[in-house]
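Below you'll find the structure, written out as structure tokens, and then a few comments.
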Amino acid sequence: HGFLLTQNSLVFFFFFLLLSVLLQYTDKEEVVLWMNTVGPYHNRQETYKYFSLPFCAGSKKTISHYHETLGEALQGVELEFSGLDIRFKDEVMQTTYCEIDLDKAKRDAFVYAIKNHYWYQMYIDDLPIWGIVGEADENGEDHYLWTYKKLEIGFNGNRIVDVNLTSEGKVRLVPNTRISMSYSVKWKKSDVKFEDRFDKYLDPSFFQHRIHWFSIFNSFMMVIFLVGLVSMILMRTLRKDYARYSKEEEMDDMDRDLGDEYGWKQVHGDVFRPSSHPLIFSSLIGSGCQIFSVSLIVIIVAMVEDLYTERGSMLSTAIFVYAATSPVNGYFGGSLYAKQGGRRWIKQMFIGAFMIPAMVCGTAFFINFIAIYYHASRAIPFGTMVAVCCICFFVILPLNLVGTILGRNLSGQPNFPCRVNAVPRPIPEKKWFMEPAVIVCLGGILPFGSIFIEMYFIFTSFWAYKIYYVYGFMMLVLVILCIVTVCVTIVCTYFLLNAEDYRWQWTSFLSAASTAVYVYMYSFYYYFFKTKMYGLFQTSFYFGYMAVFSTALGIMCGAVGYMGTSAFVRKIYTNVKID
């Protein structure tokens, strides 16, 4: 099963959308109703197989087609044939398709599901359908099961463009009785175009609300103000610094010794000194550059193609793009490690290649134990784990090796504008607010402020039942985040260098990466005040994957901040004449 997933995931990545577009029906042709999952409404990720509840299936056993990709398997999609006989444009009157012998155990299972607001999901021609299991009376003493699935399917030409489900036939759950399950199918002609059939699942009033537009505008104005402020302050300050240093060059030795020498120029012999722990640092920078590349490419693909219309397509796309962009990781990480004089480049390559996959797989492995304990559909099969490991070892690692070799050979030679002193310069004492720890804590506030509104919409689409489709907004937010992060880290680095502290590499990275800490803190607020999630499974799933998301965001922001600050540092020290 796992090896089939490895092969099919690449094939369906390119052709799955094309197959769905070309899928057309002839009259009387079989239309498959897939039963997916069932679970509590407030815990979206806590899902189980549909037939884990004592539902019964129809008598029809043959199926005409079945698709599964790596993204579907990782997201817990469990398609099972309903056994209902549905044919294109062939109406079905109310028909009993099976009966449930309701003993005490089955009744208790249904009662538990009704108390926890369970609902189920089905698919017809890749269109999702949701239905509720049952309901309780006002006193909560009697519980009722919906037994009649009334399907209304819209068609345009020879394609299915709309599906609606109405649950009827409320039956009280009484032990030791037989409950008949029935269905009906009604076909109606629709004017909805095939390419627009998913529009009904979108929520423009939510995503295109004026608050969303205002947040984008507010963040954009913050960028303009911040960029202007940074440019004005730095250019005025640097101009004064250049003038002062030019004046110092005209002084004789006696005047220079008696003069007040301080500022960023005084650390020119140490500013390009290798960072502490260069192996880890270069691996983080390489991973951050790769995450940024993946984010940019996936957002562009999502803007061009409607990835939300296919199950698991977003995750499959992200996995494919991440594997394909592994040379980016190797190039930037390997070249930076070589510039800093690192010699254990093979170890650095392995750490850079497996840093993010190990973090994601480790979290998934931990949550998988809980999912197995709960018998949830989110439990990742062993074959899927093998498929992911094969991608890591046979795709990501070789491509990372290629990028590392290119990075070391093409841009791995140190070409600093200043010579590095043999003996490190002592760092003078400075005020508390200029300490690197304080700068790191404060550096992430403005970047987080530029994205926290968008975080609400992203969280709601992932943890609730909204389909995120406004990827143009996400692209703008990504650009704004990068600009704000670079500006903030440049300011922080300039103040640090002015205090004659040359430890700017880690400070610039961590001050930008601290944005992730604020995002993770915001996830606590969102969990307790914006959702009704409960239970060990959903809680561990939420905070586990939010930690992965926040860490990846922090590594990306840190890499962006460091790259921008590195260009700034090289620029100011290149323009200064240093004897």
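Yeah, the Cβs are placed from backbone N, Cα and C, and that goes for glycine too.
Predicted automatically and left uncurated, TrEMBL annotations should be read as such.
Annotated features in TrEMBL:
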type: SIGNAL; residues: 1-28; note: signal peptide
type: TRANSMEM; residues: 213-235; note: transmembrane segment
type: TRANSMEM; residues: 279-303; note: transmembrane segment
type: TRANSMEM; residues: 315-338; note: transmembrane segment
type: TRANSMEM; residues: 350-374; note: transmembrane segment
type: TRANSMEM; residues: 380-402; note: transmembrane segment
type: TRANSMEM; residues: 437-459; note: transmembrane segment
type: TRANSMEM; residues: 471-497; note: transmembrane segment
type: TRANSMEM; residues: 509-529; note: transmembrane segment
type: TRANSMEM; residues: 541-563; note: transmembrane segment
Annotated stretches the transmembrane segment (541-563) and the transmembrane segment (380-402) touching (3 or more Cβ pairs under 8 Å): no
Contact check, the transmembrane segment (437-459) vs the transmembrane segment (213-235), 3+ Cβ pairs under 8 Å, seq sep 6+: yes
Stretch in 315-338, 350-374, 509-529 most in contact with the transmembrane segment (471-497), if contact is a CB pair under 8 A: 509-529
Distant-in-sequence neighbours of the transmembrane segment (509-529), which means Cβ under 8 A and at least six residues beyond its ends: 281, 284-285, 436, 439-445, 447-448, 451-452, 455-456, 459, 463, 481, 485, 488-489, 492, 539, 542-543, 546-547, 549-551, 553-555, 557-562
Long-range neighbours of the transmembrane segment (350-374), counting only residues six or more past its ends (CB under 8 A): 46, 48, 279-280, 282-284, 286-287, 290-291, 322, 326, 329-330, 333-334, 380, 388, 392, 396-397, 400, 404, 536-537, 540-541, 544-545, 547-548, 551-552, 555
Tertiary contacts of the transmembrane segment (279-303) (same chain, 6+ residues out, Cβ under 8 Å): 314, 317-318, 321-322, 325-326, 328-334, 336-337, 340, 342, 344, 347-348, 351-352, 355-356, 471-472, 474-475, 478, 482, 505-506, 509, 552, 555-560, 562-563
